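Accompanying notes for the structure given below.
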Amino acid sequence: MADPQNNRIPTISASTFSSTRFDYLIIGGGTAALVIAARLSANPTITVGVLEAGPNYSEDPLIAVPGRFGESIGGQYDWNFETVPQSGLNGRSLSWPRGRVLGGTSALNFMTWTRGNREDYDAGEDLGNKGWGWDDMLPFFMKTETLHRPTQKHRSQHHSHHASSYHGTEGPIPTVYSNEYSEPHQYWHATLNNLGLETNRSHFSGSNLGAFTTLTSVYPTTRTRASSATAYYLPNAERKNLHVLTEATVQRVILEDDDGEWVATGAEYICGDERFTARASNEVILCAGSIQSPQILELSGIGNQVVLQAAGIHLKVAIPGVGENLQDHMMTAMIYELDSSLVGPDQIRADPILATAAQEAYKTFQSGMYAMLPSALSYASLAQVIPDAKLQNIRAHLPPPESSRDEILRRQFISPTRGQMEYLFDIGNWSPHFQVEKGKVYGTMLMMLQLPLSKGSIHIPPAKSRTEPPSVNDKPIINPRYFQGEAGETDFQIMSYAQNFADKICRTAPLSQIIKKRVFPPEPPKLPGQEEAEEEDFAPFVRDTTITDWHPIGTCAMGGIARHGVVDERLRVYGVKGLRVADASIMPLHICSHPQATVYAIGEKAASMILEDRDV
């Protein structure tokens with residue numbers, strides 16, 4: 001598969017775009033959006049338009065170079081969203097990075113390519129969303145990717161195990177194992193095995209429980225990032241029936257009253273300082289992500305009457321679930337001082353000589369630190385990481401379920417096959433709460449809660465005055481309600497108890513051989529002759545340092561309106577003709593996995609359904 005990074009992107013003016021009559025208009029140029037655009041425009045009789053608020057990043061190394069992951073967060077390619085202060089986090093507000101660039105968050109993420117468990121997807125189908133279970137989704141997972149199989153030597157050295165029958169061979173996204181890994185990687189599998197977590201040799205086949213070396217979305221030859229922009233759009237950018245306008249911010253979906261039925265006919269957008277409209281004869285497809293898809297729906301008059309009334313926006317279609325059901329993976333980062341002979345990203349950033357050498361190795365040989373990605377992962381059930389007495393106490397005090405969604409979530413507490421906790425260790429300081437000390441080498445143990453019981457919301461803010469309703473430039477109110485309420489308290493207990501297992505990993509050989517000590521949070525003082533405590537109270541650390549894992553979902557969820565659904569199983573917005581939503585926001589329940597591969601599959605399935613419905 002060729003890396004299309006150098007393809008020239010056709011340009012189109014805002015006025016020309018506005019005067020073009022599209023069959024399908026896609027709002028957002030992110031992960032799922034460009035999948036849909038590529039698949040629909042493969043039919044030369046279908047004209048497709050895409051509106052993206054951000055720029056085309058082209059060959060910017062901040063995004064293209066794998067080893068520079070994270071550097072683009074907080075910059076020009078990021079929407080720089082922020083949550084409201086969270087009482088469950090001692091009043092802290094968290095930054096919520098989202099891609100404001102062609103390719104969306106697939107251009108900002110860590111390029112991790114994983115897939116959830118069979119039960120994750122079947123749970124969504126159990127809510128009434130026919131066609132979204134594991135068996136129906138698997139063909140779309142495979143359609144997105146081309147697996148570049150490792151050599152036998154690589155498999156033996158790095159545990160790059162896989163079952164080829166569960167992977168695609170002709171998809172746009174190249175999925176590869178890194179050629180090189182940081183020092184801690186070689187100790188990961190043996191360490192987890194010593195703790196009772198086996199190496200999963202087929203973690204894409206419906207169960208990702210255990211330790212594994214993950215795939216990444218990277219081009220194998222150039223070792224550059226593969227995003228929806230490079231993989232789905234650039235190879236097809238010259239199509240005469242595909243038009244992408246960047247730096248164009250959509251204000252609202254245009255809805256017209258057709259004899260009592262609301263019909264989506266286009267979108268209003270701003271490019272430069274001018275306001276334009278774009279029209280679609282068949283459908284408008286909203287792919288603005290878990291934050292901005294509900295925002296745009298509400299700005300268009302679709303949502304909860306109370307929210308829209310406070311914003312001074314006329315209610316056209318009452319859907320109380322818009323912006324509700326927000327779920328996110330929560331994460332902590334413990335820092336350990338490592339053997340001083342090791343070299344990691346902190347040393348590269350601090351030493352110009354090392355940085356130059358790393359840049360040269362990457363430029364010349366596509367190797368070295370800038371070609372590496374963290375790939376040592378493990379998913380574990382609660383029973384594997386929390387003592388039985390504590391887990392039984394959590395189960396006994398679960399808050400009563402308020403919905404069928406809550407009923408399904410409670411299965412996680414008895415399922416031995418759901419990886420509710422994710423653990424990842426790599427060299428370097430990843431914590432925003434810890435400052436490195438010059439001359440020292442650090443490693444980070446990340447722990448992520450996969451199936452939170454708590455849920456929050458995203459809504460547009462109230463009107464500033466009677467004559468000034470909010471616009472898309474007024475950032476939405478993001479309230480994930482971390483650790484709040486009875487459900488949030490359960491999440492908090494789980495993370496506090498499971499943190500001990502994260503620390504235990506770092507105290508277990510052979511990984512412990514390269515670790516000097518834990519520095520954040522500091523190790524508790526120990527009196528002479530005192531034995532190490534089996535259980536440590538990590539509750540204050542969890543409360544003070546938990547951050548987002550950047551995986552929000554669920555704010556335009558599938559399911560009936562009675563279940564707070566926003567779209568049906570074919571992603572059609574209730575009460576509006578010709579309007580769909582297709583991105584992570586449609587997921588009714590979270591999954592035990594990084595969501596990137598799932599969002600690509602959502603795009604593939606959405607495109608397939610749109611084409612099917614067109615032929616009816």
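Yeah, the Cβs are placed from backbone N, Cα and C, and that goes for glycine too.
The domain 'Glucose-methanol-choline oxidoreductase N-terminal' feature in TrEMBL is assigned to 99-122 (among others). Remote same-chain residues near the domain 'Glucose-methanol-choline oxidoreductase N-terminal' (99-122) are listed as 28-31, 33-34, 52-57, 63, 66, 69-70, 72-73, 76-79, 132-134, 137, 141, 145, 173, 175, 203-204, 206-209, 214-218, 225-230, 233, 244, 246, 289, 373-374, 377, 411, 415, 417-419, 550, 589-594, 596-600 (criterion: CB distance under 8 Å, separation of at least six residues from the stretch ends).
The FAD binding site feature in TrEMBL is assigned to VAL101, THR105, VAL250, TRP550, HIS551, PRO595, GLN596. Spatially close to GLN596 (FAD binding site) yet at least six residues away along the chain are THR31, SER106, ASN109, MET111, THR112, TRP113, THR114, SER217, judged by Cβ distances under 8 angstroms.
Within its own chain, the region 'Disordered' (152-171) is flanked in space by residues 138, 141-146, 177, 179, 181, 185-186, 189, 199-205, 211-213, 215, which lie at least six positions past its ends and keep a Cβ under 8 Å from the stretch. According to TrEMBL, the feature region 'Disordered' maps to 152-171.
Helix, strand and coil counts under DSSP for the compositional bias 'Basic residues' (152-164) come to 8 helix, 0 strand, 5 coil. The feature compositional bias 'Basic residues' is assigned by TrEMBL to 152-164.
Taken from TrEMBL, the feature domain 'Glucose-methanol-choline oxidoreductase N-terminal' applies to 289-303 (among others). Proximity of distant same-chain residues to the domain 'Glucose-methanol-choline oxidoreductase N-terminal' (289-303), defined by a Cβ-Cβ separation under 8 Å and at least 6 residues beyond the stretch ends, is recorded for 27-28, 30, 79, 81, 96, 98, 104-105, 250-255, 311, 313-320, 322-323, 326, 458-460, 470-472, 476, 478, 552-556, 566, 573, 575-576, 581, 583-585.
The Cβ of HIS551 (FAD binding site) has 23 neighbouring Cβ atoms from other residues within 10 Å, across all protein chains displayed. In the three-state DSSP classification, HIS551 (FAD binding site) falls within coil. The active site, proton donor annotation in TrEMBL covers HIS551.
As annotated by TrEMBL, active site, proton acceptor applies to HIS594. Cβ contacts within 10 Å of HIS594 (active site, proton acceptor), excluding its own Cβ and spanning all protein chains shown: 25.
Neighbour density for VAL101 (FAD binding site): within 10 A of its CB lie 29 other CB atoms from the protein chains shown. When the record's FAD-binding residues VAL101, THR105, VAL250, TRP550, HIS551, PRO595, GLN596 are compared pairwise by CA position, the greatest distance found is 25 Å. Within 10 Å of the C-beta of PRO595 (FAD binding site) we count 26 further C-beta atoms, all protein chains included. Under the DSSP three-state reduction, THR105 (FAD binding site) is assigned to helix. Comparing the binding-site residues THR105, TRP550 by how many other C-beta atoms lie within 10 angstroms of each C-beta, the top residue is THR105. Summarising the environment of VAL250 (FAD binding site), the number of other Cβ atoms within 10 Å of its Cβ, over all protein chains shown, is 25. Under the DSSP three-state reduction, PRO595 (FAD binding site) is assigned to coil, being neither helix nor strand.
Using a 10 Å Cα-Cα cut-off from HIS594 (active site, proton acceptor), the binding-site residues that qualify among VAL101, THR105, VAL250, HIS551 are HIS551.
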